[in-house]
Amino acid sequence: MCSSRYYRRVNLPSQYLFDRAKFLCNWSSERSTLGWNLASVRRILGFMGAKEAWLCSAVVFVLFAISDARVFDTRYKRQTVVSTNAHTNGQADNVETDAVANHFKDTQGVIGMNVSSTGNATGAGSSSISNVASGQVGDLTLDTTGDVSSTGQHAESYSDIFAAVAGENKTVASFQQGKASGVGDTQAQLVAGATMNNNGMSSPNNGDNNKAVAGATGSQQSQSEVLSSQTLTWDTLMAQLVGSAVAEGIGNAQANVQFEAGNANNGIEMNGLMSGTNSQDGNVNAQVNGNGNLNGSTHDMLGNMYGDVHGKGNSTLVGASSLSSNSSEKTDIHAFGDAKASSAGNNSIDFQSETNLNENKGSGEMVLNGTAEGANVDLSGNNGIKVNDINGNTTALGSSSVHGTGTEDASNGSLVVDTSYGSDGNTQVISKGEGNSISTGGKNSSLVIGAEADVASSNGLSNNGKANATGVASGQYNNITGNSFVNVDGTMSNGNSMMQAIGGGEGPSAAESNVQVLLNEGGQLRNGTVNGKVQASGDKTFVQSISIVSDYAGQQTLSNYQHATSNSQGSSSASASNVGILKRKKRSNLSL
């Protein structure tokens, strides 16, 4: 029974008591504000009988329990989960690793964390580092990884990754570098990632695709290096990638670089390869370099290649590179070329290229050179640049070749192909070849030279040109000299060609020269063709045939000269003939 010496017991209806007890308990759940406490409830129970008081007490207990559970549940929902994890693993002769995980709450109530993982591995043969760092603050998660491996006589691998959250500020940063050097094969490669996710949604700037590999092969020396750096916030991604491969070898050498960064909607990519060979243990060099910067939607990229081959016998050189940028618009530039040389004497081929991408604009130049010495000479080379940028789609191609036969080591040939594209869209291709074939002892000589250039774009540009020169000569001694040249750009097509063939000595001799220049300038065709033939018979003879044609900005000129002499005690003969054809635009042909 509940009683009170201060209050008289009053019999009240049970439903009223229940409602009253519930009212009191609801108020008591906020007792810290209103000042209610259990003593006050006990005083109220003094008005009740035993049955009613028991019922009220039970209700009070249950409602207090419900009230306390409700407060606990509210506090549980306000909890913030914070976690961090860092790990580093390395393999090499010498390995240093470090991992730090930390989370905090300061006096201002700011909750945060920071986590880092670092590794450095060096040694002979190979080295590798693999590290992971991740953290969580509430619904926000940050993850970063770094894996680096290097192989070579001296190998170095380094990776440093970091993630941090402090209130609304959040960042992920990573840096990786791999290097290898020595002789033979070297390689360095890396894979890195930096991502953020908040409440199940990924940051649009996540850099989860940083990759780079560089490799080189050279029996004299070899070096490969890659580097990656990136910083990620929720609103932006900054990344830089660098790759370099250098090789020098006897008989062959090769270098290649490949990297990519960013993501499918905002990324950069570079590929480059240079490879050279020589069949008689000549010296070969190959080098590829690449550099890419990504700062939000602003991209800046550079790629360059260099290669050369020096030796005798057969030489080859192949190179190709590409830069690609994908942000608001897809922009890319490709450069490619190959050359071959074959001669009994010394020969050399080399080319170098540089390409750039900068804010949806491309630019680049590739230059190829080749020389050969010896009785029989074969040279060929071609290169090109393809661009897709703010100026449209543009293709520039050039090629040249020299083929000569003779008996004398003084015979030679050379070629140049220079292809370029400017950021303003200006394009130019220059191709030229020249040669000299010499024979004695009654053996024949021949020489064939060609040069071509072609420029076209999606804006309707279509200019091209071709120049050819051929010559043959016979006699006790003979000599052939010639050249071909074309220059094509976005406004005009020009070219010239020349061939001189000489023969003579005791007995009969003959010479023939043929040249042609074909040009297309904005759909208007121009043609210049000249050929001549001369021969002589007798005890002592001399023959000479010279053919020249030139076309510059539509101004065509030609020269055709043939001369034959014979000296004999009995009978002798000499003859000369020539033909020249000029065609400019729609004018009628002129024959000479």
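Each residue, glycine too, has its Cβ placed from N, Cα and C.
Under the heading compositional bias 'Low complexity', TrEMBL lists 196-210. Taken from TrEMBL, the feature compositional bias 'Polar residues' applies to 343-361, 398-414, 420-437. For 196-222, 339-363, 398-437, the entry in TrEMBL reads region 'Disordered'. The feature transmembrane segment is assigned by TrEMBL to 53-72.
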For the region 'Disordered' (339-363), residues assigned helix / strand / coil by DSSP: 0 helix, 23 strand, 2 coil
Residues of the compositional bias 'Polar residues' (398-414) by DSSP state, where helix covers H, G and I: 0 helix, 11 strand, 6 coil
Distant-in-sequence neighbours of the compositional bias 'Low complexity' (196-210), which means Cβ under 8 A and at least six residues beyond its ends: 139-143, 170, 172, 174, 176, 190, 228, 230, 232-237, 239, 241, 260-263, 265-267, 296
Tally of DSSP helical, extended and coil residues in the compositional bias 'Low complexity' (196-210): 0 helix, 9 strand, 6 coil
